[in-house]
Amino acid sequence: MVADTHQRGTAKTARNPIKIDLEQSGQLLRKPSWIRVRSPNSQRYQEVKRLLRENKLHTVCEEASCPNIGECFGRGTATFMILGDLCTRRCPFCDVAHGRPHAPDPDEPMHLAKSIAVLKLNYVVITSVDRDDLRDGGAQHFADCIRAIRAQSPQTRIEILVPDFRGRLEIALEKLSACPPDVMNHNLETVPRLYKQCRPGADYVHSLQLLKDFKAASPHIPTKSGLMLGLGETDEEIIGVMQDLRAHQVNMLTIGQYLQPSIGHHPVMRYVSPEDFKTFERIATNLGFSHAACGPMVRSSYHADQQAHEAGIE
């Protein structure tokens, strides 16, 4: 595969160990009334898009076809995606393209910090594609971005949503601990039974260890994780994952509804009602999470500033 080849949908997942059942995927469940998304058409939305293009920046909002993009861009917030727009993994729920990435752009931290300063953002989320091709998984680039943002916008709070750094965990955590964020986020995404199907190349135990080891190295930094419902999990399995997260000292939690980006992606197996999401939120509170955001349209970085504020991060 040549660099910059963008594979999506069935082209991306063709080599996965567990194939998508296209016949089942074609039998789409009807979206319930509580799944509603605003069209992205505000002036602020266009302003944010223009600034991103001028500075050659990517957002996970666009690359992953997030349903909340109109609202978030309209509020002048975005989750910036560093290290390019090509992922080395092939997760069938995700709309980010797979391919052989280019080398990291050494000017990206500067461009990112400049854009954040121009937008006068008080809270930013920085995420990335998986970069299994890099010796540190991209951790140094995360640290460089954090450092550049703090230099230009010292008042801005920074949350990072990191990949799993599988096979590179020790060196990655060393680099991140030297320049830590205000919130450390790594999403488990789903239950361990579905990992081979939904997160090929990832490992449930390893992801928990990442969160635990970061907390051990930086105990004052809140840790956070997120889950999607509708991939084939049971309620009991979700509660088990919540218990595992608390056992690994994770402070904050998000749970949202999985929405299928295209017919070539993993099908939606169920739609969870707002009432059931509220039940998960109550369980999370009882388990001791400092903050839990659970709802159909909740995403890991959706209203992340409000989540952090409610968890006591100023």
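Placed from the backbone N, Cα and C atoms, the Cβ positions cover glycine too.
Look at Swiss-Prot and you will find CYS61, CYS66, CYS72, SER301 tagged as [4Fe-4S] cluster 1 binding site, backed by sequence analysis. The [4Fe-4S] cluster 2 binding site annotation in Swiss-Prot covers CYS87, CYS91, CYS94 and rests on sequence analysis. Residues or ranges marked as domain 'Radical SAM core' by Swiss-Prot on the basis of sequence analysis: 73-290.
Positions of the features from Swiss-Prot, shown on the structure.
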{"residue": "CYS72", "record": "[4Fe-4S] cluster 1 binding site", "Cβ neighbours (10 Å)": "23"}
{"residue": "CYS87", "record": "[4Fe-4S] cluster 2 binding site", "Cβ neighbours (10 Å)": "24"}
{"residue": "CYS91", "record": "[4Fe-4S] cluster 2 binding site", "Cβ neighbours (10 Å)": "23"}
{"residue": "CYS94", "record": "[4Fe-4S] cluster 2 binding site", "Cβ neighbours (10 Å)": "25"}
{"residue": "SER301", "record": "[4Fe-4S] cluster 1 binding site", "Cβ neighbours (10 Å)": "29"}
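Counting in whole angstrom, CYS72 ([4Fe-4S] cluster 1 binding site) lies 19 from CYS94 ([4Fe-4S] cluster 2 binding site) by their C-alpha atoms. If you average pLDDT over the domain 'Radical SAM core' (73-290) in this model, you get 94. For the pair CYS94 ([4Fe-4S] cluster 2 binding site) and SER301 ([4Fe-4S] cluster 1 binding site), the Cα-Cα distance reads 15 Å.
According to DSSP, CYS87 ([4Fe-4S] cluster 2 binding site) sits within a strand segment. DSSP assigns SER301 ([4Fe-4S] cluster 1 binding site) to coil in the three-state reduction, outside any helix or strand. SER301 ([4Fe-4S] cluster 1 binding site) sits 19 Å from CYS87 ([4Fe-4S] cluster 2 binding site), taking the CA atoms of both as reference points.
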